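What follows is a set of notes on a single structure, which appears directly below.
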Amino acid sequence: MSTLDIHQIAVLSDNYIYLVRCRATGACAVIDPSLAEPVLAAAESLGWTITHILNTHHHYDHTGGNEEIKAATGCEIIGFAGDAHRLPGIDRTVVEGDRVAIGQAEARVIETPGHTLGHIAYWFAESSALFCGDTLFSAGCGRLFEGSAGQMWDSLRKLRALPAQTLVFCGHEYTQPNITFALTIDPRNEALRARALEVDALRAAGRPTVPAFLGDEARSNPFLRADSADFQEAFGMTGADPVEVFARTRLKKDHF
């Protein structure tokens, strides 16, 4: 049973900010605030009191609201120890396996280098909620700005190993273009084709495609399928090292 209330805020062209609130205590965290004003307005409208900010990585579209929200609320800012020098206003640092308590709701920290070297995710197991920033997207993954293909593949495998019913809350609304790309390299994937229809219907109705179930991602996201025999066959890389398959997939997406 979920211990969290989750409120999703769409900002900029395609970013998502998340407010997560412990139902038992009212403690509330903001995850990846690119902007302050929409967060403060949403919290006031909901009657939620912000106590924490959780950053997944240092990019400004995930941290731009840190200091203004902290000044307005006195909240504690939490992020990866190795990126402390790049996270505005940080108060507390965490590493792999650390636990972060938002009231009685607890998240496990998972290090996910690749998009950036200091990227982390927060997994609230009791609520089946994964906040993964720009590592894993719905039907895609983040670009490799700092890390290697091997690092990113290892990070994605760590996330893929979580329970299939986990809800994936990522940092951007990229699902539709991600699926358009995926269909060019994995066109016979029935799970992917079914998702394409669902996603088109959601976007036509003006609705978000995030969150997505991790089990659906495992079946349809090409970046989670680099070690899948049928994906390797479809991609013309049967028997190849999954890191090489992932790297080739990422390169094709970068130039799509």
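Any Cβ shown, glycine's included, is placed from N, Cα and C.
Keep in mind it's a predicted model, so treat the numbers as computed, not measured.
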Would you identify which residue of Asp98, Asp134 Swiss-Prot lists as part of the Zn(2+) 1 site it also attributes to His57, His59, His115? Asp134
Candidates His52, His85, His172, the one Swiss-Prot lists with Asp61, His62, Asp134 as binding Zn(2+) 2: His172
Taking only the CA atoms, the spacing between Asp61 (Zn(2+) 2 binding site) and His115 (Zn(2+) 1 binding site), expressed in whole angstrom, is 14
Using all protein chains in view, find how many other C-beta atoms are within 10 Å of the C-beta of His115 (Zn(2+) 1 binding site). 27
Which residue among the binding-site residues Asp61, Asp134 has the fewest other Cβ atoms within 10 Å of its Cβ, if you could check? Asp61
Quick check: in three-state DSSP terms, what is His59 (Zn(2+) 1 binding site)? coil
Does His57 (Zn(2+) 1 binding site) have same-chain partners at least 6 apart in sequence with Cβ under 8 Å from its own Cβ, and which are they? Phe80, Asp83, His115, Thr116, Gly118, His119, Ile120, Gly133, Asp134
Give the sequence-ordered list of residues that share a chain with His172 (Zn(2+) 2 binding site), lie 6 or more positions from it, and have CB atoms under 8 Å from its CB. Asp14, Asn15, Tyr16, Asp134, Phe137
